[in-house]
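Beneath this line is the structure, given in structure tokens, with notes to follow.
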Amino acid sequence: MDLQLMAALSNADAIAANEGEVRAVLRHHLAPYGLTSQTDGLGSLIFTKETADPQFSVMIYGHMDEVGYMVRTITPEGLLRLMVVGGVKPAASHWQNVRITTAAGHKLPGMVIRDDTLPAFDQVLCDVGANNADDVAALGIAIGDMVTFATEFHAYAPDGVFGGKALDDRLGCYVGAQLLAELVDEKLPFTLHFAATSSEEVGIRGAKTATQLIKPDLAFIVDVATFQNPRERGEVNQRQVGKGPILTHFDRTLAPNRHLQQFVKETATAAEIPLQLDMFNGGGTDGGEAHKVGSGIPTVVTILPCRYGHCAQSLAHTRDVDQMVALYAAMCRQLSAKLVAEAHTF
């Protein structure tokens, strides 16, 4: 696994509709490969591997935005009242280091605090060390500025385990970028797109517009998931770190295409890649909007397991990530017009 790329993606700050730092990392990493790229009207960045005589097109999705905050107001005492952007867990807003990005691009440290005695709208505050509103203004902080967790990407002592912020879904961005890098010189019978999508955490927005722009024949989603009890390591937990990629069978926004599900399973078996099988009572991914574009696009969702989510940091394993890249490379080498036709046949 390219930990340098993963660190750059994780350490980049990007809440919904403010994802320029992630776009910059991806553009820099993929610049040597001669791919074409474009953006949709929301900021989703789509890279394309062209082929001479494409029979169909496929798009891989990973979203750029992370959960975080935005400066809503500044109090006379010099505190920042924050609005939550995405589903930050309430407990994650207690005494965590955060980073404010000003409109000029300056980075300033702060500490997020939560006062549960206040109305919900006013509970989340940020202390930047100021004593009054003038101090805050002098720092260049203004309403609308982005606030993200300040966790730096790092390795854990057990071999292969790493942690950082925004693994949801910079892991998906990593997989898409590395897949294109691996396949760039291979002849494929289809056009391959990787969409680094905008604004998934606030309503799966960029997946819709990116799909409307590209109109792929098949959609493959790469996202992350955690199990609610990290101490559970039995069969009920099919989101275990280090046990391989996950194939989902259902979530609140999508019942995946059964032909594509079977294709993922068969490819994983042939490649000897372990596959955890799961489903979700709630939640959703980019697939929730991608599959509804036009007359409907066959879509399947694959997941990388993490511990802890929508908080200051998550834990993941390099083996799972490498296996996900290998799984997608194997699938791309097996994709055919016959499978596309089957996925569209009911």
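The backbone N, Cα and C atoms fix where each Cβ goes, and this holds for glycine too.
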In TrEMBL, the residues D168, E201 are said to bind Zn(2+) 2. Which of H94, H106, H291, H310 is said to bind at that same site? H310
Given that TrEMBL lists H63, D168 as binding Zn(2+) 1, which residue among D2, D115, D223, D251 does it place in the same site? D223
With an 8 Å cut-off on Cβ distance to the H63, D168, D223 Cβ center, who else from the chain surrounds the Zn(2+) 1 site? G62, D169, L171, G172, E200, E201, V222, V224, T285, D286
Would you mind ranking the recorded positions D168, E200, E201, D223 by how many other Cβ atoms sit within 10 Å of each Cβ and giving me the lowest? E201
Just to verify: the residue among H63, H310 with the fewest other Cβ atoms within 10 Å, which of the binding-site residues is it? H310
Residues sitting within 8 A of the centre of the D168, E201, H310 CB atoms (Zn(2+) 2 site), not counting those, run E66, V67, G86, G87, V88, D169, G309
Cα of D168 (Zn(2+) 1 binding site) to Cα of H310 (Zn(2+) 2 binding site): how many Å, rounded? 8
Distance check, please: Cα of H310 (Zn(2+) 2 binding site) against Cα of E200 (active site, proton acceptor), rounded to an integer number of angstrom. 13
Euclidean distance between Cα atoms of E200 (active site, proton acceptor) and H63 (Zn(2+) 1 binding site), Å: 6
